[in-house]
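Asks: For N45, G46, E47, R104, Q105, the entry in Swiss-Prot reads ATP binding site. Annotation comment: Swiss-Prot describes H138 as Mg(2+) 1 binding site, evidence class sequence analysis. Look at Swiss-Prot and you will find D178 tagged as Mg(2+) 2 binding site. What Swiss-Prot lists as active site is K202, and the listing cites sequence analysis. Residues or ranges marked as D-ribose 5-phosphate binding site in Swiss-Prot (evidence: sequence analysis): R204, D230, D234, T235, G236, G237, T238.
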Amino acid sequence: MSHDWTDNRKNLMLFAGRAHPELAEQVAKELDVHVTSQDAREFANGEIFVRFHESVRGCDAFVLQSCPAPVNRWLMEQLIMIDALKRGSAKRITAVMPFYPYARQDKKHRGREPISARLIADLLKTAGADRIVTVDLHTDQIQGFFDGPVDHMRGQNLLTGYIRDNYPDGNMVVVSPDSGRVRIAEKWADALGGVPLAFIHKTRDPRVPNQVVSNRVVGDVAGRTCVLIDDMIDTGGTIAGAVALLHNDGAGDVIIAATHGVLSDPAAQRLASCGAREVIVTNTLPIGEDKRFPQLTVLSIAPLLASTIRAVFENGSVTGLFDGDA
């Protein structure tokens, strides 16, 4: 790739935290740039130190950090990197967050609870971020929490493209894991050729994390290949329960597709044994060998992130990269 797109009046610099170096290198390769060298380490008490090895004055900085477990460690590292760039006189700082942490805490379910997703946005702004690039937020309203531009990218085109190429049979139905994601499921159904929809009616106890009671399937899934979608898979309990419900209703193959593979224990074991034909996620988060299983397919989100970074750098349109809301 040439540097024809580079605006000589500015200097694009890519910075990466230590949480997901493989993704950072993939993005750098797509952009034909290098990840800026830095010294990042912990002191004995766990405090994080970061120093960049070259001048950042006047640069257009993109700070890439995923937030797998331990989430707070990697989030704090990104905040410290942003602060260092601000104090080093970077011209503009964009926080590239493939997976936005604390996104499930986007509203108060009961009294005396925090809205942690808003707090994260405030912390990023205070640290010095001018802009956020992220992928498939848990809810769209989080875009409004940040006082600045938010480029909310979608993994849908990547995932639906893979499904179209590998499952050409038209006898398919898109299944939303709950009624709240039906609008997104409609977009999936259109992308897969106008296939029908179904959804899982479920209840959740807000006092018990990672626990959902799946009740019944609404829609006709008998004999069909079911594409069960979600934004993330954490412990896998919800999605595994949904697979069982679909099979009980006579579904054929069940394909699970989600953007974020959090895969907290015991997700790998649950997904491997739940009866799904394939589990498709992207690499917004690192997925170690201990979390992999035969049915798992991991697609690279790097081309989408790189295209977004390039568009932001050129002050171009991000909306043209996908059919979304950026």
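Counting begins at 1 with the first residue displayed.
Each residue, glycine too, has its Cβ placed from N, Cα and C.
On a predicted model such as this, the values are computed, not experimentally measured, just so you know.
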Asks: Mind telling me which of the binding-site residues G46, G236, G237 has the densest Cβ neighbourhood, counting other Cβ atoms within 10 Å?
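Replies: Answer by Cβ density within 10 Å: G236.
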Asks: Going by C-alpha distance, which of the binding-site residues D230, D234, G236, G237, T238 is nearest to Q105 (ATP binding site)?
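Replies: For Q105 (ATP binding site), the closest Cα among D230, D234, G236, G237, T238 is found at D234.
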Asks: Of the recorded positions D178, K202, D234, which one sits closest to G46 (ATP binding site) when you measure Cα to Cα?
Replies: D234
Asks: Restricting to the binding-site residues H138, D230, T235, G236, G237, T238, which ones have a CA within 10 Å of the CA of R104 (ATP binding site)?
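Replies: Near R104 (ATP binding site) by Cα: H138.
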Asks: Rounded to a whole number, how many Å is the Cα of D230 (D-ribose 5-phosphate binding site) away from the Cα of N45 (ATP binding site)?
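Replies: If we compare the Cα positions of D230 (D-ribose 5-phosphate binding site) and N45 (ATP binding site), the gap is 38 Å.
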Asks: Ranked by the number of other Cβ atoms within 10 Å of their own Cβ, which of the binding-site residues N45, Q105, T235, T238 ranks first?
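Replies: When each Cβ's neighbours within 10 Å are tallied, T238 tops the list.
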Asks: Just going by other Cβ atoms within 10 Å, which of the binding-site residues E47, D234 has the emptiest spot?
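Replies: Comparing Cβ neighbour counts within 10 Å for the binding-site residues E47, D234 gives E47.
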Asks: Does the residue listed as 'Mg(2+) 2 binding site' have same-chain partners at least 6 apart in sequence with Cβ under 8 Å from its own Cβ, and which are they?
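Replies: The residue listed as 'Mg(2+) 2 binding site' has long-range Cβ partners F199, I200, H201, K202.
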Asks: In sequence order, which residues at least six apart in the same chain have a CB under 8 Å from the CB of the residue listed as 'Mg(2+) 1 binding site'?
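Replies: The list for the residue listed as 'Mg(2+) 1 binding site' reads Y100, A103, R104, D106, A117, D231, M232, given in order along the sequence.
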Asks: Kindly assign the residue listed as 'active site' to one of the three DSSP-derived states: helix, strand or coil.
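Replies: Assignment for the residue listed as 'active site' reads strand.
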Asks: For the ATP binding site, please report the maximum Cα-Cα distance among N45, G46, E47, R104, Q105 in Å.
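Replies: The widest Cα-Cα gap among those binding residues is 30 Å.
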Asks: Check G237 (D-ribose 5-phosphate binding site) against DSSP and tell me helix, strand or coil, would you?
Replies: helix
Asks: By a simple count, how many Cβ atoms lie within 10 Å of the Cβ of R104 (ATP binding site), its own Cβ left out?
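Replies: R104 (ATP binding site) is surrounded by 16 other Cβ atoms within 10 Å.
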